[in-house]
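Participant: Straight from TrEMBL, here's the annotation block:
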type	residues	note
TRANSMEM	14-33	transmembrane segment
TRANSMEM	75-94	transmembrane segment
TRANSMEM	100-124	transmembrane segment
TRANSMEM	145-175	transmembrane segment
TRANSMEM	181-199	transmembrane segment
TRANSMEM	275-296	transmembrane segment
TRANSMEM	346-362	transmembrane segment
TRANSMEM	390-415	transmembrane segment
TRANSMEM	422-441	transmembrane segment
TRANSMEM	606-624	transmembrane segment
TRANSMEM	630-650	transmembrane segment
TRANSMEM	695-713	transmembrane segment
Amino acid sequence: MDAYEVPPLAPSQIALPALGASGLCLLFVRSLWRRLAQHATGKRIGVPQLDALAAQIKSGAMAFLQEEYLQMSRFVVLLSAVLCVLFSLNPVVGTFDGPLVAAAFMSGAALSALAGWVGMLVATDANVRTTVACAVGNLNNGLQVAFTAGSVMGFVVVSLGLGGLTLCFLVLRLVGSDAGALQLLSGFSFGASTAALFARVAGGIYTKAADVAADLVGKVEADIDEDDPHNPAVIADNVGDNVGDVAGMGADLFESYVGSVLAAAALGASNPSKVALPFVLSAAGALCSMAGFSLVSTKQEGSGWNVHLGSLMWAMEKGFYAAGLAFTVCAAAICSHFFEPQEGRCIFACIVIGLVAGIAVGKTTEYFTSFDHSPVISIKDQGHTGPATVIIQGLSVGMFSTVPCSAILAVSILFCSWLSGGYGIAIASVGMLSTLGITLASDAYGPVADNAGGLAELANLDAAVRRKTDSLDALGNTTAAVGKGFAIGSAVLTSLSLLAAFKDQVMLPEGAFDVCDPVVLAGVLLGGMLPYLFAALTMLSVGKAAGAIIREVRRQFREVVNAKGITLMTAIRRASAGETIPPEEDVAPDSDRCVALATKAAIQEMLAPAMFAILAPLTIGFLVGPRCLMGALAGSIVSGCVLAIAMANAGGAWDNAKKLCEKLGIKKEAIGKACVVADTVGDPFKDTSGPALNILIKLMAITALTISPLLRSRADWETWRTGVLLLSTTASVTLALIRRGALSWGVAEGCSKSESLLKFAMGG
């Protein structure tokens, strides 16, 4: 035997590290949850109003998740039945392929949903504790509480993703070879992608519809602060922060995490060491992330929006860098154990490239979206000439940001391909996502800090408390923007890896994928169009839902009165003039109506994007064939990547231009209001359409990989009968959505539809 030859791996060599790390992550989550429970709430400091407001936010968030998961479960059951039938009629490994793929699909969807549920529970429980920590302690106390809550989300995703994928692989391996098990295992990732689609799209529509309504009617029309308790949409806005950036981002990165491991294992199916490597690397990354968690802290004091973001970012970055450094050492040892020196060095280099590329994309995003840097300052300066020039400048910044981000990803892909082919790109995506536990924690921290600030203002706490929560919120805005850049980068590498795995599975002859071929080129054009269709549908959905909420808020301003006949708008004017309103003369808005309206609007509006995202690759693949589908995947990855970067960074830059106006004390001047208008344009850019494009390109790729055994060695148009059936289904679904109003321009019929939607939402 050669000195460096590695014998076939036993299942235990994958199971022990992966399941061990998964179990340790769950224990770590339990300890974090207990630590959070020890922190004080509003009642313990004599402000029970804080607890009542937090309970209102939590109730709205969990009600939304229940409604979303109810709709999602129906779709998952239907799609799992379709997969069961398809794989039973065309078995790949054995007689029970259909039930096994369906079970894997449902497992992936269920675990993704469970991760979102746990993350939402903790985030909505920690917001009030963060506010209280800022009230009775220093800035670091508030940071620790919010980051601990975010870490629960991060490590739950890692634990359930790694543990669930490993268990499914071991079970499926019992019925055949590693290669056969990996073919069926794509169903698990498909389920995770489907759950992510619902979480990202529905959550994004909810959060931005409420945010746009609260900003436009509150800040611009009524001239009140962002979290003024008189704004009927403010509770829905705070609920939206959680459903979009906790459950939505968690599901997004759960999908990327699972997809990257699966793609690497599938591409290395002929080599047991290459199958095991992504599982073992992910286990090592999880442990390193736990070590990095303990280093997150700050010595800064809360100075509101005057905080220096670079210094405050270091509070988190030192934890990221420590985890990344520890993982690099572990990866070197793992590669030297699994591979002979030359191959091990090449694969290790790919892992490091992925890790560095993730950091580089994040820092580039920070430059284009932080108010410490010139791109955002230039957007604010354009406010002197009105909202139009602010919007133009922000679009330019977003488009320009695609240059360095795309270059980083392109260089990474070229080097990884040169070093280790398609497997090198796949293992680079594993490296990028290796420390997901602490990376996702920084992103999930943001909505907790944002809610903490909202609660402080709603409860009229001391200005010193608000300065601390504003500092935490400023950090959260930056980490959210960095997290979106990281999510886009990981989505591109994961999708490319899944595309390479699809090509291997369908076994096309050499030279069959030629970009000059009309069939392939047609696929590229169709794929390139799909991200724009998807973005358009989600943007329209936000506009329609926001319009309905805006009309409801305006109605309440006019019609909601107290026992003395004082209207809500009168109370707002008195409060804005600096008058102290006695409790018996104040007017409370009906926030529950806005929460119910946002929930039903988001659930209804998510249907069209979700249907098209799943039916498009199925229809193209079966109607035309695998070559056209490969072209569509390539087109969607390129177009989706660039569009997602531009939208996310433009939206983040507009948001922080608005925050810069608050920092400078000019938020109620013309320049500040111009930036608010631009920010409302950017809200669906950065929190709905942009992030949802990550899901689209990954979902299309994993859908293709899942059906690849059914398309293996198929010629063009060979399965056209199935394709015609799917095309007819797509047409029927489109007509049904048009009749339901889920596909409409939503302008002329807006008022009547919003009234009927509100009645439906309130159960009338």
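Numbering starts at 1 and runs along the chain as displayed.
Cβ atoms are placed via backbone N, Cα and C, with glycine included.
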Participant: Taking contact to mean three or more C-beta pairs under 8 angstroms, with sequence separation of 6 or more, is the transmembrane segment (606-624) in contact with the transmembrane segment (695-713)?
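Facilitator: Contact between the transmembrane segment (695-713) and the transmembrane segment (606-624): present, because at least 3 Cβ pairs are under 8 Å.
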Participant: Are there residues at least six beyond either end of the transmembrane segment (145-175) with Cβ under 8 Å to its Cβ atoms? List them, or say none.
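Facilitator: Same-chain residues near the transmembrane segment (145-175) but 6 or more away: 11, 14-15, 18-19, 21-23, 25-26, 28-29, 32-33, 35-36, 39, 93-94, 96, 100, 104, 107-108, 111-112, 114-115, 118-119, 122-123, 125-127, 129-130, 133, 181-182, 184-185, 188-189, 192, 246, 250, 253-254, 257-258, 261-262, 265, 279, 282-283, 285-286, 289-290, 293, 296, 316, 436-446, 448-449, 452, 472, 476.
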Participant: Would you confirm whether the transmembrane segment (275-296) and the transmembrane segment (630-650) meet the contact rule of 3 or more C-beta pairs below 8 angstroms, pairs 6 or more apart in sequence?
Facilitator: no
Participant: Please identify the stretch among 100-124, 390-415, 422-441 with the greatest number of Cβ pairs below 8 Å relative to the transmembrane segment (630-650).
Facilitator: 390-415
Participant: Is the transmembrane segment (181-199) in contact with the transmembrane segment (75-94), using at least 3 Cβ pairs under 8 Å (sequence separation of 6 or more) as the test?
Facilitator: yes
Participant: Which residues, given as numbers and ranges, are at least 6 beyond the ends of the transmembrane segment (422-441) yet have a Cβ under 8 Å from it?
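Facilitator: Residues 25, 147, 150-151, 153-155, 157-158, 249-250, 253, 256-257, 260-261, 263-264, 267-268, 274, 277-278, 281-282, 284-286, 288-290, 292-293, 319-320, 323-324, 327, 331, 346-347, 350-355, 357-358, 412-413, 416, 483, 486, 489-490, 493-494, 496-497, 500-501, 504 contact the transmembrane segment (422-441) from elsewhere in the chain.
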